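Asks: Taken from TrEMBL, the feature transmembrane segment applies to 24-50, 62-88, 100-121, 142-164, 197-222, 243-264, 276-295. Under the heading domain 'G-protein coupled receptors family 1 profile', TrEMBL lists 42-293.
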Amino acid sequence: WEFNGSFYQPSAFLMMGIPGLEALHPWISIPFCALYLTALLGNCVILFIIRKTQSLHEPMYYFLSMLAVTDLGLALCTLPTTLGLFWFNVRRIGFDACLTQMYFIHILSFIESSVLLAMAFDRFIAISHPLRHPSILTKSTVLKIGLAIVLRGMVSLLPIPFLLKRLTYCGKTELSHSFCFHPDIMNLACADIKVNVFYGMIILLSTVGMDFIFIVLSYILIIRTVVSLTTKEECLKALNTCVSHICAVLVFFIPMIGLSMIHRFGKNVPPLVNTLVAYTYLIIPPALNPVIYSIKSTHIREALLRALRRKRG
C-alpha cells in the first residue's frame, strides 16, 4: 500500500476467476483457449481475405476490417490475465497495469459500438440509395469515419484513469473478474465516487447508448425501404445483406447492456452470473463475429474458398 496522509492506494489488485469453481480452472481454460484461438485466427483470416481480394475493397468490408481489428484488440487485452489466472493462478495485477488494461478494454468496446453504427449506416445507404452509395462512402470518407471513431473513444475515456487514481481505496482489493473493469475498480474505493458514477453514465449514454439508438433507427429506415420493394425476392435479397450485421449487433449489445445493468443495479445478483455475463461480453463477440461473417457473407465465403484452393494447388 502507498500511504500519503489520509490517501491510500493499493500497489496491486487481485483478480477473480469463476467463483466457486476455482478447482476446475485448468479444465475451464480449455473452452476459453478455443474461443481465444477462434477470435485470433478468425479475425486474422478476415483481414487477410479482405486485403488480398480486390473485389472486397469497398466500404462494407473496410468497416468489417475495422471490426476485426477491434475484436483482435479486445481478445488480446483480456487473454494474458484470463489465461494466466486459469493456468498459473496469477491473480495479482499492478494498480497502473490494471488502469491501463481497463482503459483499452473500454476504448475498444466503444470503438466496436461505433463501428457497428458505421456498418448500419453503410447498409442503410446501400439499400435506400444504391446509386449514390459509391459517391457518399468514398475511401477518404471511410478513413475519416474510422479516425473519428478512434478519437471519440480515446478522448471520451481519457479522464477515467485519472478519476480512479484520485480516489482513496479501502482494504479490499479483490476484483470481480480476471480483467479490470471501471465499475469494478470504482466500487473498491472508500471515497465519494459520485463524479466517477456520473461521468461514466454520461459517457456510456452519449456514446454506446446513442450508437444503439441510431442503429435501431437505421434498421427502421431500412425496413421501410425494403417493404416498398416490388418483389419478394428483392426484399429477401436486401435483408440478407443485413443478417450478419444484425447478429453482430445482438451478440455485442445484449451482454454489454446486461453487464452495465448488473454493475449499477444488480447488487443481489449471484457473482457467478456477473462473471459469466462479463466473459460473454468480452470474449464471445470477438470469437463469433468472424464465424458469422464467414458463414453469412457470400463474398467472404467465396474468397476464403478461393484462397484455400490456391493453397492446395
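Placement of Cβ uses the backbone N, Cα and C atoms for every residue, glycine included.
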Asks: Report the listed stretch (24-50, 62-88, 100-121, 142-164, 243-264) having the maximum count of Cβ pairs within less than 8 Å of the transmembrane segment (197-222).
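Replies: Selected stretch: 100-121, with the most Cβ pairs under 8 Å.
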Asks: Please work out the mean pLDDT for the residues of the domain 'G-protein coupled receptors family 1 profile' (42-293).
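Replies: PLDDT averaged over the stretch: 91.
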Asks: Short question: most Cβ pairs under 8 Å with the transmembrane segment (142-164), which of 24-50, 62-88, 100-121?
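Replies: Ranking 24-50, 62-88, 100-121 by Cβ pairs under 8 Å to the transmembrane segment (142-164) puts 100-121 first.
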Asks: Residue list, the transmembrane segment (100-121) vs rest of chain: Cβ under 8 Å, 6 or more residues beyond ends.
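Replies: For the transmembrane segment (100-121), the nonlocal Cβ contacts are 60, 63-64, 66-67, 70-71, 73-74, 77-78, 81, 93, 145, 149-150, 152-154, 156-157, 160-161, 164, 179-182, 185, 207-208, 211-212, 214-215, 218-219, 245, 248-249, 252-253, 256, 282, 285.
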